[in-house]
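TrEMBL has this to say about the protein:
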{"type": "ACT_SITE", "residues": "Cys459", "note": "active site, nucleophile"}
{"type": "BINDING", "residues": "Ala332, Ala333, Ala334, Pro335, Gly336, Gly337, Lys338, Glu356, Asp383, Asp402", "note": "S-adenosyl-L-methionine binding site"}
{"type": "COMPBIAS", "residues": "23-37", "note": "compositional bias 'Basic residues'"}
{"type": "COMPBIAS", "residues": "38-50", "note": "compositional bias 'Basic and acidic residues'"}
{"type": "COMPBIAS", "residues": "51-68", "note": "compositional bias 'Acidic residues'"}
{"type": "COMPBIAS", "residues": "76-92", "note": "compositional bias 'Acidic residues'"}
{"type": "COMPBIAS", "residues": "93-108", "note": "compositional bias 'Basic and acidic residues'"}
{"type": "COMPBIAS", "residues": "122-153", "note": "compositional bias 'Basic and acidic residues'"}
{"type": "COMPBIAS", "residues": "570-593", "note": "compositional bias 'Basic and acidic residues'"}
{"type": "COMPBIAS", "residues": "626-641", "note": "compositional bias 'Basic and acidic residues'"}
{"type": "REGION", "residues": "1-175", "note": "region 'Disordered'"}
{"type": "REGION", "residues": "532-647", "note": "region 'Disordered'"}
Amino acid sequence: MTALKRNKKKVENSQTKPSPLKKAAKSQKPPLKKQRKGISEEKLLKKPEISTEEEEEEEEKEQSDEGSESGSDFFSDGDDEEGNNDDDEEDTERLADDFLDGSDHEEGTLGSDLDSDFGGSKLERKSRAIDRKRKMEEKDAEDEFKMNIKEIPDEFQLPTQKELEEEARRPPDLPSLQMRIREIVRVLSNFKDLRPKGDKHERTDYVEQLKADLGSYYGYNEFLIGTLIEMFPVVELMELIEAFEKKRPTSIRTNTLKTRRRDLADVLLNRGVNLDPLSKWSKVGLIVYDSQVPIGATPEYLAGFYMLQSASSFLPVMALAPREKERVVDMAAAPGGKTTYVAALMKNTGIIYANEMKVPRLKSLSANLHRMGVTNTIVCNYDGRELPKVLGQNSVDRVLLDAPCSGTGVISKDESVKTSKSADDIKKFAHLQKQLILGAIDLVDANSKTGGYIVYSTCSIMIPENEAVIDYALKNRDVKLVPCGLDFGRPGFSSFREHRFHPSLEKTRRFYPHVHNMDGFFVAKLKKMSNAMQPSENDEPVETMEQAQLLSSDDDDEELEKPPVANGQPKRESNTKENKNKQKLPRSKEIHKGQRNKNTKTESSNVEEPRKQKKKRSQWKNEIAQAREEKRKAMRENPKEKPKHRG
């Protein structure tokens, strides 16, 4: 009976009190609404930053925690209801009654279904939020790309005329210019294969656009950038232009008259100068990376132990290779770097004539000579073209001519060259250089036992100032090119566009900043074969343009001054032609006035006549011998008339 009463009480209590599952379901209903509101607010306010895998792990942890909490509540409620009754039978009966309770079971299953539904919807919402976030990011990226960067086609295309006009109105856009320059260079490097499909532009259009872009980006004028494009391939051209934008390393030359390179390097290292030997080709050069003291104001510099000198300035003196006890002329000596190097190689023996035309530069020249301890040098102030008259023709062993030039090889030192030089300037320099090199050749004695050499150099890379000048000297003097004695450097041009030079110009040497890490330079070494003014018969006889113009103008003047010829006098016409040929000879002499002795006038005129008739050397030699024999016979037969022949 007692057991039945207990069961009835339990049923009544179960009907009046909700089951633990029902409590859990009711307790979970209000948080559902709050969590839904919180999720919607989080979606609106901020985007989820946690990845889907991490969120799933967190949800599993939350569900397990909720299950443990509900279980603990369940067991705690059962303990309160039953009080302190710990019998196993009562627990089993209570669990059986709860299980058989239909309403409680339905409510419990409803709560569990709600939990499962709530968990699945939460994952879906988070995944949808992540998808929305990705879409928004992609859309923002596309909008930003369209706003900041123009749509560029896969293949490069030249800008249209309208685009160029718009660019001209605005300030230059350097990044876009640089990008376009790179694309044009890429296309021009292999135009046949890399040319865009369907592009109607020719190669010249790309070259013209490259000229304009390089001029605006690097600051070159149209003439200079056009000349450089003609001289170099586009890829090498870009390397050269980039090298011009960087400064060359500082180099010094050891004065072997006072010290050795090893000793000088040790002293400068102790003073905090970071340096290394210049290169294998120089035994006296040092390259300076940085210095804690001014490299041009050290006690060693003031004592004349070294000279601040660019590496390219070593080359002409090395090519000249002067020997002791020789007579050497430096036609453009200031500020004295090359002159002092020549004196060091000659060990202060012989004589050096250091000529400088500009008076203000004489101070630096004489100061450096005194500082470096040079004692065999005579400083003079003459125009280099007049030196043969001052020092005498065929009077020295070697001549160094570092000719004045446009300076297109030292743009890194003087950026004004980019815009200041024009085609007229190059022509003026070339004309002066041709006159100077003829004067240098006339100074040298071809019969010198140790010398007879001329070294011509410029700090320019322009062909009219270099190869064209040497070719002019080869055609107007009896000289030939010899190797410079330099193991490096590129050979000179033997042809350029429509110009064709002597094949031996390959013996000249060119130096570039992007290849040799020194200033742009040109060096040529000539050997004088004879003291004659004209080239030998083995060489091609070539008239200069000035001579041809003078002779043609003289012929026109003579035709105008000719008297009218009467009919029936053909003999006088032949006589006038002979007179013309006779009058041409003194005209050609006037071009080289002051270069021939009076005693050799008759012989030179006899030599020139067969050359113009293009006879063989043996023929005109026989004719000269016959003419001399006839003169001797005439002088023997009539000795009284001897002064008449001389006059």
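Including glycine, each Cβ sits where the backbone N, Cα and C put it.
Just so you know, TrEMBL annotations are computer predictions that nobody has curated.
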Cβ packing number for Ala334 (S-adenosyl-L-methionine binding site), 10 Å threshold: 23
For S-adenosyl-L-methionine: widest Cα to Cα gap among Ala332, Ala333, Ala334, Pro335, Gly336, Gly337, Lys338, Glu356, Asp383, Asp402 in Å: 20
Cys459 (active site, nucleophile) versus Asp383 (S-adenosyl-L-methionine binding site) - Cα distance in angstrom: 20
Least Cβ-crowded entry, counting other Cβ within 10 Å, from the recorded positions listed as Ala332, Cys459: Ala332
Set of same-chain residues at least 6 away whose C-beta sits under 8 angstroms from Lys338 (S-adenosyl-L-methionine binding site): Ser313, Pro316, Val317, Asp330, Leu400, Asp402
Integer Å distance between the CA atoms belonging to Ala332 (S-adenosyl-L-methionine binding site) and Cys459 (active site, nucleophile): 13
Counts of helix, strand and coil residues, the compositional bias 'Basic and acidic residues' (626-641), according to DSSP: 15 helix, 0 strand, 1 coil
Among Gly336, Asp383, which are binding-site residues, the residue with the most C-beta atoms within 10 angstroms of its C-beta: Gly336
